[in-house]
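Peer 1: Once you've had a glance at the structure underneath, I'll fire off some questions.
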């Protein structure tokens, strides 16, 4: 497995909508394994394919150490391909979020407390998942990436511009 390079804001790829995965191959699964290794390397809770420069509707998530729900031993890591959001609660919960693609920033985002998604798993099998609390938040955060939306898009224009200037400065100092 390989560690993949992370795409960081303000890269234009992060603003594009990701495309569905049309066929499952060994190469698809290897890519998902590489995504997972990259997410662990970056100490993340989730990762979308676009965050490693691939505009495909693939998410990997592992919050087993922070999940408030008792789950089967093999529940994590979650491989979520071509997710569809089929339910969202009306109740919104505000919480601070971080993002591998928006380094050094914590932003308060209001999200539905619970959701239900339909997706394909690691083997291409259709699944449905009801999630609440932290898992629901992580899924929604990563799902936003598939839609070309970043957590900073929940900020006012002024605050978003300040964050983007900081990120550009950080990027210029690294390069």
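Cβ from N, Cα, C; glycine included.
Positions annotated as Fe cation binding site by Swiss-Prot: 99, 141, 145. Feature annotation from Swiss-Prot assigns active site to 142.
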Peer 1: Can you give me the same-chain residues 6 or more apart in sequence from residue 141 (Fe cation binding site) with a CB-CB distance under 8 Å?
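Peer 2: Set apart from residue 141 (Fe cation binding site) by at least 6 residues yet with Cβ under 8 Å, we have 46, 97, 99, 109, 111, 151.
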Peer 1: The residue listed as 'active site' has how many other Cβ neighbours within 10 Å of its own Cβ?
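Peer 2: Its Cβ has 25 other Cβ atoms within 10 Å.
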